[in-house]
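Shown next, in structure tokens, is the structure this report addresses.
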Amino acid sequence: MPTIKTLLNALDARFPFSHAESWDKTGLQIGDANSSVDSVFVAYEITDAVLDAAQSFDCLVVYHPLLFRPLENLDFKNHTARLAARILTKNQSLIAVHTALDGAAPPNALGDALAASLGLQNVEVLSPSGSEKLVKIGAMVPPDSLQKIADAMWNAGAGKIGFYDQASFQTEGKGTFRPLDGARPFEGEIGARSEVAEVRLEVIAPESGWKNVVAALQEAHPYEEVAFDVTLLLNSTKNEEFGPARIGEIPACGLKDFAARVQSALSPPNLRVVSTKNEEIRKVVCTPGAGASFIGAAARAGADVLVCGDIKHHDALQARALGLSLVDVTHAATERATIPLMAGVLETVAGLEVRRGEMQNPFEAI
């Protein structure tokens with residue numbers, strides 16, 4: 001039966017918590033990592049409506065953290081404290097993903113899904129926050145268990161190289177060993193040297209997630225003592241760069257036509273547009289959530305427009321002065337893909353019931 005830690009490991013393999021912003025509150029917010037879990041409810045954020053719908057579920061996985069600012073007390077007049085108390089009363093667990101999802105390496109990040117929905121081509125990370133170091137994990141495995149072990153390591157986050165996955169290198173060979181007193185060998189006898197056919201399985205994994213991959217290897221491997229090695233690599237590629245914003249290209253069009261394209265793709269309750277003298281849109285920057293911090297970087301990269309949420313008055317003035325158009329679609333509309341992205345990972349966990357909640361935008365058009 002899976003545990004909360006199983007869910008955390010699965011999410012971390014796709015959306016490394018180490019990539020989250022330092023100010024963020026991601027990971028396990030309520031509960032015990034070692035407790036078992038049968039069912040999980042996936043939502044955008046915690047609200048009373050979400051908790052009403054998720055009453056029968058063991059765990060809630062959300063994008064926005066409930067516990068973001070410190071609570072001085074659990075006075076139920078405080079909205080956050082009251083929602084946390086509802087979760088505790090039901091003995092439920094709570095996991096928040098937030099900027100770990102924003103900061104995943106391509107093509108797994110929320111920004112990649114946003115760029116795809118807008119039809120961007122030649123997409124790259126704008127202003128990378130960092131570049132993930134890689135490790136190579138090599139293990140000696142019996143041929144009959146090769147596929148099972150490879151699948152386990154891939155599912156734990158190994159074998160991804162740019163826009164390819166399930167990558168490995170396999171070499172046939174022979175292994176020798178002599179079980180000593182106290183051993184419980186899968187093959188061979190105590191005190192006798194054995195020689196067996198084995199395959200060396202090598203995979204690439206992000207440095208931040210190698211322990212999850214090794215844990216999956218050891219769980220899937222039939223040997224009592226698994227022979228493996230982990231090597232830190234000096235090489236890293238552009239596809240290991242991470243950060244929330246994406247820059248890409250579209251066929252040239254006017255700002256009005258581009259705004260209609262955004263409306264069709266994201267279905268926001270309303271659009272706010274800041275136009276400039278340059279009305280031809282070719283190069284587009286998009287970022288989930290608040291995007292004002294990327295105005296300068298987008299302009300320096302030669303972008304014609306920035307698609308984001310939460311633009312303020314002086315942000316708009318700055319963008320116009322830099323010759324950058326803006327399309328503000330509201331915060332939530334840029335994050336429409338959060339539920340399917342998180343649920344897609346959790347649905348790979350064996351023995352787990354996953355329910356997808358409905359995306360709710362607090363804004364509406366009148």
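Any Cβ shown, glycine's included, is placed from N, Cα and C.
Under the heading divalent metal cation 2 binding site, TrEMBL lists HIS64. For HIS64 (divalent metal cation 2 binding site), the same-chain residues that are 6 or more apart in sequence and have a Cβ closer than 8 Å to its Cβ are TYR44, GLU45, ILE46, ALA96, HIS98.
Residues or ranges marked as divalent metal cation 1 binding site in TrEMBL: ASP102, HIS331, GLU335. In the three-state DSSP scheme, ASP102 (divalent metal cation 1 binding site) falls into the helix class.
Secondary structure at HIS331 (divalent metal cation 1 binding site), taken from DSSP and collapsed to helix, strand or coil, is coil. In sequence order, TYR63, LEU110, PRO288, GLY289, ALA290, GLY309, ALA332, THR334, THR338 are the same-chain residues whose CB sits within 8 A of the CB centroid of ASP102, HIS331, GLU335, the residues recorded for divalent metal cation 1 being left out.
Long-range C-beta contacts of ASP102 (divalent metal cation 1 binding site), restricted to its own chain and to partners at least six residues apart, with a cutoff below 8 Å, comprise ALA20, GLU21, ALA109, LEU110, GLY111, PRO244, PRO288, GLY289.
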